[in-house]
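So that you can see what the record holds, here are the features copied from Swiss-Prot:
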ACT_SITE  107  active site
BINDING   25, 26, 27, 28, 48, 52, 82, 83, 84, 85, 133  NADP(+) binding site
BINDING   190, 194  Mg(2+) 1 binding site
BINDING   190, 226, 230  Mg(2+) 2 binding site
BINDING   251  substrate binding site
DOMAIN    1-181  domain 'KARI N-terminal Rossmann'
DOMAIN    182-327  domain 'KARI C-terminal knotted'
């Protein structure tokens, strides 16, 4: 049975009187730090000099190199990209942790796959908002919140559970509700969702649909509209009310096609492939591949990225988006 915690069920403020170092000031970092600060907590930022360092200072924070921020803190929230966390932890965080400190993460990758192995005398917990940082911040300022997951990997103090819940409340997540999980469950489900559905699955489905239409002689521009551009319309409907709302909102022709043709595309063989992807996540094969490629300068990663950018759908999309001024208000600035 899933357990969900809300504002009123967080009885103890285990963060009270503690200094929090947020390491990193990117998408999640700025949201966590600003929400915690607005809720009255003592927050410092740990980050290397650069644009994010300057932005954090401009936003009114005391900003330090990572090692100096960690030295001051009781709770250290690590919000850096997965591939650099291990190095930063080893060089700048670990030497400055003290017994009784707490080490926190918004994604369990490096703890679950033993890239980071904290000492036994610190708490280790997870608070993972289920939305990007800009949404975590925006909903907070509007008086609502994004739901989150939380969990405890190591309870050295005997109070790590309350500390994790208090942190979740501190960033505003308990307004919407937070679900208890484990580092293992959060990491494996998150990676699977990204690889099999949200990123890997969807992009391959779209590309294959685009190629099928173009190879059959249809205009690439029409193919783009039908298999990529309109994806947002369908996803928005599912986001708002699940598959039921989506199917209620489309034509009977589209709904009938959904039922009779969907299973021809996503066959039982595809599900077996999904299970193989999940197995590679569970047994560490994917993590080891990612970690090794990172050590080798991401040679395979960059090669795959370049190949993906060379696909015809990229150029067609770029041209068509110039016809759509309504997409000028971008969520992400490159």
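Each Cβ is built from the backbone N, Cα and C atoms, and glycine gets one as well.
For residue 194 (Mg(2+) 1 binding site), the nearest of the binding-site residues 25, 27, 48, 251 in terms of C-alpha separation is 27. Residue 190 (Mg(2+) 1 binding site) is surrounded by 18 other CB atoms, counting those within 10 A of its CB over all protein chains shown. Listed in sequence order, the recorded positions from 25, 27, 48, 107, 226, 251 having a Cα within 10 Å of the Cα of residue 190 (Mg(2+) 1 binding site) are 107.
Counting other Cβ atoms within 10 Å of each Cβ, the binding-site residues 27, 251 show the lowest value at 251. In this structure the alpha carbons, written CA, of residue 133 (NADP(+) binding site) and residue 107 (active site) are 13 Å apart. Within the set of binding-site residues (84, 133), the lowest number of other Cβ atoms found within 10 Å of a Cβ is recorded at 84. Residue 107 (active site) sits 15 Å from residue 25 (NADP(+) binding site), taking the CA atoms of both as reference points. Ranking the binding-site residues 226, 230, 251 by Cα distance from residue 48 (NADP(+) binding site) puts 230 first. When Cβ neighbours within 10 Å are tallied across all protein chains shown, the highest count among the binding-site residues 82, 194, 226, 230 belongs to 82.
The two recorded residues, the residue listed as 'substrate binding site' and residue 230 (Mg(2+) 2 binding site), have Cα atoms 14 Å apart. Neighbours of residue 25 (NADP(+) binding site), defined as other CB atoms within 10 A of its CB across all chains, total 29.
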